[in-house]
């Protein structure tokens, strides 16, 4: 009778296949790997030189902890205008005085610049008074003011001062709101120490120039550019980018989520308008809330992060247990 053929590399067992229990396989002979998802039986160990099978494809070791210094309290990068409003109001209530006082101070400074400029322009202009008497004998007067070269120079300088103050205020408020978004402690002085002020001034000049040119060609292009460049100053303050790169980054950010940008802009406008309806006193709340919405939108749409809103602390003490009858 013929014997079955022997497989190469698997010589016939000289002992008839009867091996003692617990003996190791011959040298060079690897034990068949266990089925996927199973390991060695409990209480056993692998012989020397025998490696455990690799994990199934598509699986790897469990992820380790984040590297030291990585912030674990940050939110995901998704954007929702509802979350923006909720987060901004929460952050405002946690920093109300710190936000309101700088806005009030900037408002007083703006009013002082406008009032001083207007007063000097009127004082340096030529005035001509003309008296009229109608057929009923009622007299009236009209005053014609003609601006002199000196008054024109004062008005020009006043516009420059007002523009610089607005940009300074914008950069200062953004600096404080960005620190709030990072979870850093802020004080009233934080809002008067804007970062990258030189980049902010040049970026603001670039935006105004392009918007003005677009307005001369047609009003709509200027408005569109002003809308897509709304985050340029935030990029300059937060990431120290050049004016041109700040504008480009803002255009890309708005273009990546036009719907979210529009809703955020409408939310900011609503906050300011509601403040105006409350006899302008409400703007002390509306402007900071709008700035926080702006910062939240900028961070989320540009791939940045913000700290989570502060949740109210749970009540002190153990919760009451079930009441027995």
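Don't overthink the numbers, they just go from 1 along the chain as shown.
Heads up, the Cβ atoms here are built off N, Cα and C, so glycines get one too.
The feature region 'Disordered' is assigned by Swiss-Prot to 1-75.
Summarising the annotation, Swiss-Prot assigns compositional bias 'Pro residues' to 24-70.
Under the heading transmembrane segment, Swiss-Prot lists 96-116 (among others).
Per Swiss-Prot, transmembrane segment is recorded for 153-173 (among others), and the stated evidence type is sequence analysis.
Here Swiss-Prot flags 205-225 (among others) as transmembrane segment, drawing on sequence analysis. Within the chain, the transmembrane segment (205-225) has long-range Cβ neighbours (under 8 A, six or more residues past its boundaries) at 163, 232-233, 243-244, 247.
The list of residues near the transmembrane segment (273-293) in space but at least 6 beyond its ends in sequence, with Cβ under 8 angstroms from a Cβ of it, reads 84-85, 87-89, 91-92, 99-100, 103-104, 107, 173-174, 177, 180-181, 264, 267. Positions annotated as transmembrane segment by Swiss-Prot: 273-293 (among others).
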